[in-house]
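In what follows, a single structure is set out as C-alpha cells and then discussed.
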Amino acid sequence: MGDFNVALVIVAAVVSVLVLLVSVYLLINYQHPDDANQAYFPKLVVILGITVAVLSILMLPADVANRQACRRAIYSGACSLTLPMKTLWLAVYIADAVLVFLVIPFAMFYYEGDQDKSVGKRLTSALLWVAVSAVVCGLILGILYGLVGKVDFTVRHLSSAVETFPNSFTSFSSGQPCISTSPRQCSAYTAPANSQTTWTMRATFPEYVVALATIVGSVLFTIFGGVGIACLPLGLIFSFVRRPKAVITRSQYIKEATELGKKARELKKAAEALHQEERSGNKGRKWRKNVKALGKELVLLEDDMKALEEMYPQGEQAEATWALTVLGYIGKLLFGVVGLIISIAWVAHIVIYLLIDPPLSSFLNEIFIKLDGVWGLLGTGAFAFFCFYLLIAVIAGEMMLGLKLVFITIHPMKWGGTLMNSFLFNVGLILLCSISVIQFCATAFAYYAQATAAQEIFGHTLQSLRGIKYLYKYNVFQYGFVALAILTLFYYAIFGWRKRKPTGRFQLSN
C-alpha cells in the first residue's frame, strides 16, 4: 500500500477506544457520591471533553509518526495515503473550541442552576446565558477576522540571469559551487536588502479560530503552567517534609477533632446564610466573594480532617493503615524527585533552545531522536509524556493559585469527592490549555516535529498572523513561563517547609 502506514491507523483506532474507556473510568472514580445516578448530561460532556483533550495531546506524536510513514517520499506531496493530519487537527480544535465556549458553559449553568426551579426554567436560563456568550464571541471573532484575519509571511525575492549550461562540472567545488566565476557569489548571496518583502494572504476561518483560542489558552497556560511546573514536584516533596512523624495520642485526637467540629459548624452556618441570600435574590459581588471564600475554607477543612485521620488511624487494621500512610509519603517523595527532574529539564530546554538565539543545543529534541533510534515508539512515547506533564502542571498551578488568591475560584479534583461543576471547570481548563500545550510543544520540539501538519498550523500560520505574531516573535509566553516558575521556586524555598497554621474563626465579608 505504498507509504500508507496500516499500523498507524490501527494504533490510532485502538488508542482512541482506550482513551474513551479511561475517561469513563476517571469519571466513575472521581465523581462525588451526591452526583451518582444523576447529572447525566454534564457527565457526558466531561467524558467527551477528557477524550478530546487527551487525543489532542496524542495527535502531535501521531503527527510525528505520520511524517515517518512518508520518510521515503521525495517530497511530502508525493505521500498522499497517510492520515490527513491537518484536517484532523482543525476538526479536533474546532470541537475543542465548541466544547470550551458553548457546551461546557451550558452544562455548568444548568448544573449550578437553582435546584428549586423546574428543569424547563433551568434549561431556558442556561440556553440564554450560552446564547448571549455565543453572540458576543461570534461578533468578536467576525470583526477580528474581517479586520486583521490575515497572515504576513516574510519572503525574499531572488532572481538570476540565464547562464549557459556548462559542458563539464570539474570546475565546481566547495569553494566554487556556482556557475559565476566569483567564489560563492550565487544570487541568494548577492540579493539586496530590498529583496525581502511581505507576502500577505487571508487565513482560513478555522485556522483563525484555533489561533485566537490558542492565545486565550496561552495566557492561562503561562500563568498556571509556569506556577505548576514548579509547585507540582515541590508540593509533593514538601508534603513529605511536612508529613506526620508519629501517631498522636487519643486525647490529642479528641482535642483536634473538637476544634474541627467547631470549624465545621461555623462553615455550615455561613453556608446557610449564603443560601438564604441566594433565595432572596441578593447575589451581588459581596455574595460571590463570600461563596469563593467559603469554598476554600471547606477545602482546607477537608485537608485538615484527612491529616487528622492519618495521624490517628483507627480500626482493627490501624497499624497497616499507618504503614500505608508512611509508604504513601515515600511515594510522594519519589514522584516529586522524578517530577523535579522533568521540570528542570523543561525549563532548561526552554532557555537553551527557545530563549537563547541561536540555540545552544537542541537538547530534548536530540534525546527523542536517539530514543526513536533505540525503538520506534520510545521517543514518541517520551515526547507524549513531556506534553502530558505540562497539562498536569496546569492543573497543579490552578489549584495552588486558587488557594492563595481570592479572585480565583478553586475547583478541587478529589478521588471519590469531585462535584460535577468542578469536573466541568477543570475539563474546560484542560481543553483550553491543551491547544496551547500543543503549540508550545510544537515550538519547543520544532526540530523533532519538523515537517508535520502541527508545525504548519502552529509554527507558520499562527506565528505570522497580524497582531499576534509579535507575542511569538519576542517569546512573551516563554519568558513569562520561566519567570513564574522561578518565582514559585523561591516561594517554596522560603515558605514551602512550613506547616499551614489553622485558620481562625471564619466570618462572612460585610
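Glycine residues also receive a Cβ, built from the backbone N, Cα and C atoms like all the rest.
Annotated features, as they stand in TrEMBL:
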type     : residues : note
TRANSMEM : 6-28     : transmembrane segment
TRANSMEM : 40-62    : transmembrane segment
TRANSMEM : 90-111   : transmembrane segment
TRANSMEM : 123-148  : transmembrane segment
TRANSMEM : 208-241  : transmembrane segment
COILED   : 257-311  : coiled coil
TRANSMEM : 333-356  : transmembrane segment
TRANSMEM : 376-403  : transmembrane segment
TRANSMEM : 423-448  : transmembrane segment
TRANSMEM : 476-495  : transmembrane segment
If we call contact 3 or more Cβ pairs under 8 Å (sequence gap 6 or more), are the transmembrane segment (333-356) and the transmembrane segment (476-495) touching?
yes
Arithmetic mean of per-residue pLDDT over the coiled coil (257-311)
80
Can you find at least 3 Cβ pairs under 8 Å between the transmembrane segment (423-448) and the transmembrane segment (123-148), where each pair is 6 or more residues apart in sequence?
no
Grab the same-chain neighbours of the transmembrane segment (376-403) for me: Cβ-Cβ under 8 Å, and only residues 6 or more beyond its ends, written as numbers and ranges.
53, 57-58, 60-61, 64-65, 220-221, 223-229, 231-232, 235, 296, 299-300, 339, 342-343, 346, 364, 367-370, 409-413, 426, 429-430, 433-434, 437-438, 440-441, 445, 448, 488
Could you pull out which residues elsewhere in the chain have a CB under 8 Å from any CB of the transmembrane segment (123-148), counting only those six or more residues past its ends?
101-102, 105-107, 109-110, 113, 117, 205, 208-209, 212, 465-467
